[in-house]
Amino acid sequence: MEVEHDAAIAEESPKEEVPNKHDDKSEMKGEEYAYLDATGFTSELFKIELRGLPKYYGIGELKKLLNVKMKLSTNKIKIMKPGSPFIFICFRNQEDREAAIKALDGYKWKGKSLSAFEAKPAPDPLIRRRKEASTAEGEPLNIKRRTVEASATSLAYLPYDEQLKQKQSEMENVLQKFGKELWSSIPTLRTFVEKQRLLHGGLPCAFEPIRPSPMQDGYRNKCEFSIGKDALGVKRVGFRVGSYSNGFLEVESIAHLKHIPECMKQTVVLFEQFVQSSPFDVYSAETYQGHFRQLTVRMSHATGQVMVVVGVHLQSLSEEEKQTMKSSIVECLTSEPGKQAGISSIHFEVIQKRQQGQYTNPIEHLYGDTHIEDTILGLTFRISPAAFFQINTPAAEVLYQCAIDVAAPSKSTSILDICCGTGTIGLCFARHCKQVLGVDIVEQAIEDAKHNAQKNGIANCSFFAGNSDDLIMSLIRHANIMPDQHESLIAIVDPPRAGLHIRSITQLRNARGLDKLVYVSCSPQSAIKNWVDLMRPCSKQLRGEPFVAKKAMAVDLFPHTPHTELVVLFEREKKSKQELVVDSQNICTDKPVDPQPET
């Protein structure tokens, strides 16, 4: 779901925007810039280019510099690529832009002198691509477009055994890349990495055979369907086969996709018929007009419940028109075909510009159950409309059991569940350990986690809402580990695709008594940096002893697609007091201190 919000980060391809200090404003004519007048407000009108950035910087610290320290009213930060020496920053008005240029031009940051100046708006990529797709004579080029099957289920043509072999091989490649990164960036680990490669067939740790999904077809318990038009202009509910930046936005049918369950397909057909007959139009990313944009469908393999969340742009609808729309949605989805599909819960999502600190759009319950329920490893979980829940429930059981097996907790073990969501992993661990302490940034997810603990009669779990970057040390103090009584601490980390922030890694490294960490990744390529940081030698920032990757295993949660979950076990290598190194530059102690708060 594409939603702009305050101080947003938008990743931009260098081809989309070529910096030029001397752009002539008179060039901003034609179709590529028509959106500037057509959309009312756009922050592209008030954009600057910032150059001279240091080689290494984090987007979080850049946002903190701009918005907190310098008190600039940024609307959007557009990075060209990670580590780019220049970026674009958008503002809400000319006054804010001028103030930013005055403050930033010549400002010293991380030893670099920044330069700032006005930048012209970017051309509309949709119009631009369409022009590029035409010859000089105006004849369209024959662009090969992927089918919806190839886009959504690119491995479906392979027998399942062959899919598993391919995924096992791809995860081996990821681990090989991890080993190369260790070897090149940490010279002191080269001997260790070479020994590991000899032991494990060229990999930096043991790698077990991939675990298959118990269910290969119709396994998805959640899908976000786009609402738009196909190549012939017919209103459709399905998946997009293109994107705005490559020049086409067609939505195609999902009827033949193997990984979508029948109840979802029935729901999509029903709602597509409703949209086609509705007086309210579908939303157009090209004109910013229209209402129906997205249909989120969740289902439970355990109960057969189906939850539907209709995402709309309200535009300038009156209260009466809003009520008419909501009533017609409920009437459609509670009809006989809706009952046959199992629809038991209906919600209404208002898609809008999010405010700073807002992580979800407003969602209103319209009909039926407020939540649905599913089961994992014998436990029942409540699922709210916006909560994270593994999309393949049967395979999630395999994944969580793998995490439990590699962690090997005992009744004297405390578990830190980082990015805990609705508490699924932590609650599955609860029966095997002393206590579970979970943290997640989404408050509704934490409410679900608390409810799930109570519903399952689990009393040794506590869940906290907040940013894990700030709360890990507090959770560790709350755990009150007593090593002299043979108590231990294990962290279970299941972060979003981008991985953990370096602050979280630092706190995990500095955590006293934390000697084992299980990292669950849905995007292993993105997690390599986190893994390397866990294994770096002691430093002023990373005071605790480094972790060592011991074992990895892949679990296939996404049959027919190229995606795979990877579980990696890290253990702390304990040293004797004689082996602890203390010098003027590196401080390694068995008593890490809390990191200093940022100022």
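The backbone N, Cα and C atoms fix where each Cβ goes, glycine too.
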Of 1-27, 352-378, the range TrEMBL labels region 'Disordered': 1-27
Any further residue of that chain within 8 Å (Cβ to the Cβ centroid of Gln390, Asp440, Asp494) of the recorded S-adenosyl-L-methionine site: Phe388, Cys419, Cys420, Gly421, Thr422, Thr424, Ile425, Val520
Surrounding CB atoms that lie within 10 Å of the CB of Asp440 (S-adenosyl-L-methionine binding site), all protein chains: 27
Spatial neighbours, same chain, of Asp494 (S-adenosyl-L-methionine binding site) - Cβ under 8 Å, 6+ residues apart: Asp417, Ile418, Cys419, Cys420, Gly421, Ile425, Val520, Ser521
Cβ atoms near Gln390 (S-adenosyl-L-methionine binding site) (within 10 Å, other residues, all chains): 23
Distance, Cys522 (active site, nucleophile) to Gln390 (S-adenosyl-L-methionine binding site) (CA atoms, angstrom): 10
